[in-house]
Amino acid sequence: MSMVSRFAANVAFWTAAVSAALVAVASLRFLALGVSASMEFVAHNLDRNALMLYAHIGVAPIALALMPFQFMTRLRASRPKLHRWLGRGYVVSILISGIAGLQLAFHTTAGTFAATGFAILAVLWLATTGIAFAFALRRQFPRHRAWMLRSAALTFAAVTLRVYLGSSMAAGVDFEVAYPLIAWLCWVPNVFVMEVYLQMARPGKTRLISATA
Ligand code: HEM
């Protein structure tokens, strides 16, 4: 990889890692402020669905915060045990928050179109992560890496959703119009971009997603 493309890959990685950390921390605001005050849109779940709500909003940020560490090449090489433990944490947190996210999808007040987008995202999130974990157990590491990248592209939907939501609000688009579309837009392009990358990065081709940290 040339110095310029290595620099570009590192900038992209660190931008994604910092935005994932910021969204993860911001998502835990309910701990200080309470759900009703800080996440009014999902507060209706407190009535009969509080366990699933807390399982999702309390655990999903852990997956998001752990994800970037798993793609740090030097860290992975120098601390393989740490990589395995963080990986288990990532998988377990997705198992819990993914099942809860699937259940929350059926309780969204944003309509069937949004519910379907979130539900498919949840199923794909659980499936890609489970497949990636299974390949790690079988020590099939190129396949493990490819499926973890697919899982990460879906985890990153938490960031893209908030970026699109913020942008649409800034552009004055009606929330009722924007939100159901964003329930799909937050992950479909991520999947597409990752599949293009995985095609480009097949053995013998350039490796772009990883940091040297
Ligand atoms: C990628 C799979 C994910 C799925 C399928 C999913 C699904 C959902 C659903 C259905 C809701 C309720 C939305 C509504 O009622 O309209 C929700 C809310 C929420 N999710 Fe996720 N989610 C995912 C990933 C994440 C991640 C990685 C985070 C970590 C930050 C996260 C944090 C939250 C938070 C904090 C809320 C409360 C809404 C708010 O931010 O105000 N989710 N999610």
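Quick reminder: no glycine exception, Cβ is built from N, Cα and C everywhere.
Automated prediction, rather than curation, is the source of TrEMBL annotations.
The annotation transmembrane segment is assigned in TrEMBL to 7-31, 51-73, 85-106, 112-135, 147-165, 177-198.
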| request: May I ask for the residues of the chain that lie six or more residues beyond the transmembrane segment (177-198) and have a Cβ under 8 Å from a Cβ within it? | output: 108, 110-111, 113-118, 121, 124, 146, 149-150, 152-154, 156-158, 160-161, 164-165, 168-169, 208-209
| message | What residues elsewhere in the chain lie close to the transmembrane segment (85-106), defined as a C-beta under 8 angstroms and at least 6 residues from its ends? | response | 42, 45, 49, 52-53, 55-56, 58-60, 62-63, 66-67, 69-70, 115-116, 118-119, 121-123, 125-126, 129-130, 133, 136, 151, 155
| Sequence-remote partners of the transmembrane segment (51-73) [C-beta within less than 8 Å, at least six residues beyond its ends] | 13, 16-17, 20-21, 23-25, 27-28, 30, 35, 39, 42, 45, 83, 86-87, 89-90, 93-94, 96-97, 99-101, 103-104, 107, 148, 152, 155-156, 158-159, 209-213
